[in-house]
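Take a look at the structure below.
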Amino acid sequence: MNTAGLFIHYLSDWTQRQSFLETRRCIEGRVRLERENNRQERLVMSILPQFLVLEMIGDMAVMEDYLLPQQLHKIYIHHYKDVSILFADIIGFTSLSLILSAQDLVKTLNELFGRFDRLAEDHQCLRIKILGDCYYCVSGVPEPQRGHARCCVEMGLSMINTIRYQSSVANTEVDMRIGVHSGSVLCGVLGLQKWQFDIWSWDVDVANSLEAAGVPGQVHISKATLDCLGGIYETEAGHGQDRSEFLRKHNIDTYLVRPASKEDYMVLSGVVAMVTCAVFLRLSCVLQLAVLLLFAALYTYIIKNYRYKFHSGHVPVFLCKGVENKMWSPLLSSGLITCAGMESVLFLC
């Protein structure tokens, strides 16, 4: 009797163990499959915009079994109005390719374009593609952006600051030529294989011509973009028609975003610093903390909304004494300041 009971218990325990192991293998397989699907989805979204990938996945999910993916004849093209297009080209790339080896040149471009991608994300711009040393993006796609023109102009100014910092570090003579135009675009993918997201329209050709006829180190904009900006930037005549047959043929007026001098910003920073210190010394501890927070918010607002007025590479930052030098690294890498602009730092306290 005991022997029979032990045998039955052994069989029951063995069955439960087998069931547990089978369930475990099934769960592990499902987790691996889900992890792999997420990895492939991230890979696809690094090539195509997320909104387009989700639309394609939804359409493929409802396809009949006998319909091959190559037979998907739907055209994924969308029309967007009220957008701004930015074209940027590296000046001095040819001479740079003669100085650096192929490996160093590719590494430099990868670091530079990687910074541009982060800037595009910060300024609500969607990078379209990179063509050699040409980088172009659009603002207002896929989500409507009321300040699309300003996003592109800010993006252009940040790109100029970034490449000047890169040039100072690498001791090379490179700069950026930026062209920005506002209008409408068609965007999507064409063909059945090796999809590439791109934009098409007459306004895209105008933006490309603005870049080609631009001035190194400045943002070259059209009258359409100037109207969208609403006068928040100081501009001067760009004379783009003198350098481009396309702009002259279509009678497109162009303008250059004019940065203010370093001294103008230093005066503004000095006034804010003096007023804050004067108020700070006359208040109690609690009120001092409140004033410091208010000052931090005010200064952040000034940097965010009036950075376009300041000369490239000379954006001062308020710091307290004793701040470690490593604190400058994020600011330098973001393009807010450059090595040349370090001289304009004001130390308080």
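Glycine is treated like the rest: Cβ placed from N, Cα and C.
Since the structure is predicted, the reported quantities are computational estimates derived from the model, not experimental observations.
Pulled from TrEMBL, these are the features on record:
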type     : residues : note
DOMAIN   : 84-211   : domain 'Guanylate cyclase'
TRANSMEM : 287-303  : transmembrane segment
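Break the domain 'Guanylate cyclase' (84-211) down by DSSP state and the numbers are 61 helix, 37 strand, 30 coil.
Mean per-residue pLDDT, taken over the domain 'Guanylate cyclase' (84-211), amounts to 89.
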